[in-house]
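Visitor: Handing you a structure now.
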Amino acid sequence: MRLAILGGGGFRTPLVYEAVAKSVTGLRVDEVILYDLDSQRLDSMRRVMAEMAEQLGPDATKVTATTDLTEAVTGVDFVFSAIRVGGAESRTIDERVALDLGVLGQETIGPGGLAYALRTIPVMQEIARTIAQASPDAWVINFTNPAGIVTEGMRQVLGPRVIGICDTPIGLVRRVGRTLGVDLDRLDYDYLGLNHMGWLRAARVDGVDRLPELLASDEMLGEIEEARLIGFDYVRQAGALPNEYLYYYLHTDSAIGRILEAGRTRGEFLVEQQGKFYRDVADECCTSPLKTWQDALHMREATYMAESRDDERREADVAGGGYQEVALRLMTAIAGDTSERMILNVGNSRDGGRIVDELPDDLVLEVGCVVDGNGVHPQEVAPPTLDQLGRMARLRAAERCILEAAITRDKGKAWEGFATHPLVDSPVLGHKLLDGYIARQPLVAALFD
Ligand code: G6P
Ligand code: MN
């Protein structure tokens, strides 16, 4: 079994390597191939993982690295994509252009997420074409953000062999299981939405939905970070537990306030912190690249407060496996070794029909699925409420304008996307945002040259 990791020089890649190499699921991966455009960062991460491999012993999954995409994806069984087009610096511009116009500036939510999608989709479609040529049978696990619309763009090339993943939905489910004192495999849940906009609508144990009981209890809700963040009153009224990212839609002013109060965005913090990390590792006198990485990771995970999420929760999530465990479990199930219930980004179709009747069948939803050796099977879920449906349709409508603009280079479509995003909702502001991104994001400017 061979796995290619795209964006292999990225800071969190060793987490994926570690999960695969230690494989709690028993899946045997013989080789991990790291691919990145930045040879220096690639080499730093290769050294971190080589040290991990050495500690794991002679049978550990081998690590190789290349800056050649075709070479990386030829003859592989799985491709894991975690690239960040334009790097962390571009993330800070996504954030600041929006904030300067009084709008939420965030990695994946709001206009920042649209700008991110605009520069990322052309690159990801090109990568998808290379994979389709070099390894037509490979499964592609996409973590590249904004994962919903990016997966939708890649599906145009690869079809259902590309699956989008995120760690936040399962994090929520895990917290609910823990609060109810129920093992995850006994929890029959109903989760539906788009990436970073979803809802847990039922949590059944032995056929009984325990979500109403949880929602009614202050003590139990206190254990759920999403409920603390969004408000007990609201989640009770909604009768569902929203994904943590709904915070940005429901409490936009306070989210903006927190970022401004912190004086720097999450992206700005990461640019500084990661810059130091890569310099330290490149600097040969640093004792151990692995130790340097572990210290930096600890610091990164302990700073989630910067935007909205709290460290206590984050540490529990990291211990729970995070997105690397989602990837490992998905690969293991596809390899046919296990059958897993997972929340994944897949097309809106199920048994010849649609999962959500009102949405197009090529739209990528984030929904509970069963994965086994025959592939990914979305589960039947309750219909969305009108509020859920409206939010999903509205966001994806804006994101689909961006998808189209990224492919056709139609500036008007990009404007429409910014103008109709639920956190913008203004043609005038839409123009200002697009102009701002064209002025300050070279990769967005290049698209409309
Ligand atoms: C979670 C989300 C990812 C997102 C990340 C941001 O893991 O699921 O989609 O990219 O948080 O974390 P960061 O440390 O980069 O702010
Ligand atoms: Mn995510």
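Counting starts with 1 at the first residue shown.
Just so it is clear, glycine is given a Cβ too, placed from its N, Cα and C backbone atoms.
Pulled the feature table from TrEMBL, pasting it below:
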- ASP167: active site, proton donor (ACT_SITE)
- TYR245: active site, proton acceptor (ACT_SITE)
- ARG91, ASN145: substrate binding site (BINDING)
- CYS166, HIS196: Mn(2+) binding site (BINDING)
- 191-424: domain 'Glycosyl hydrolase family 4 C-terminal' (DOMAIN)
- GLU107: site 'Increases basicity of active site Tyr' (SITE)
Visitor: Hey, how far is ASN145 (substrate binding site) from GLU107 (site 'Increases basicity of active site Tyr'), Cα to Cα, in Å?
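Guide: With the alpha carbons as reference points, the distance is 8 Å.
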Visitor: Quick test of your reading of the structure: among the recorded positions ARG91, ASN145, HIS196, TYR245, whose CB sits under 6 A from ligand 1?
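Guide: Checked recorded positions vs ligand 1; flagged ASN145.
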Visitor: Taking just the CA atoms, what is the gap between HIS196 (Mn(2+) binding site) and ARG91 (substrate binding site) in Å?
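Guide: That comes out at 17 Å between the alpha carbons.
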Visitor: Identify which of the following recorded positions, namely ARG91, GLU107, CYS166, TYR245, place a Cβ less than 6 Å away from any atom of ligand 2, and list them by sequence position.
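Guide: The recorded positions passing the 6 Å Cβ test are CYS166.
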Visitor: Using C-alpha atoms, which one of the recorded positions ARG91, GLU107, TYR245 comes nearest to CYS166 (Mn(2+) binding site)?
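Guide: Spatially nearest to CYS166 (Mn(2+) binding site) by Cα position is TYR245.
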Visitor: In whole Å, note down how far the CA of GLU107 (site 'Increases basicity of active site Tyr') lies from the CA of TYR245 (active site, proton acceptor).
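Guide: GLU107 (site 'Increases basicity of active site Tyr') has its Cα 11 Å from the Cα of TYR245 (active site, proton acceptor).
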Visitor: I'm trying to understand the geometry here, so how far is the Cα atom of ARG91 (substrate binding site) from the Cα atom of ASP167 (active site, proton donor), in Å to the nearest whole number?
Guide: 20
Visitor: Measure from the Cβ of TYR245 (active site, proton acceptor) and count the other Cβ atoms within 10 Å, all protein chains considered.
Guide: 23
Visitor: Measure from the Cβ of the residue listed as 'active site, proton donor' and count the other Cβ atoms within 10 Å, all protein chains considered.
Guide: 20
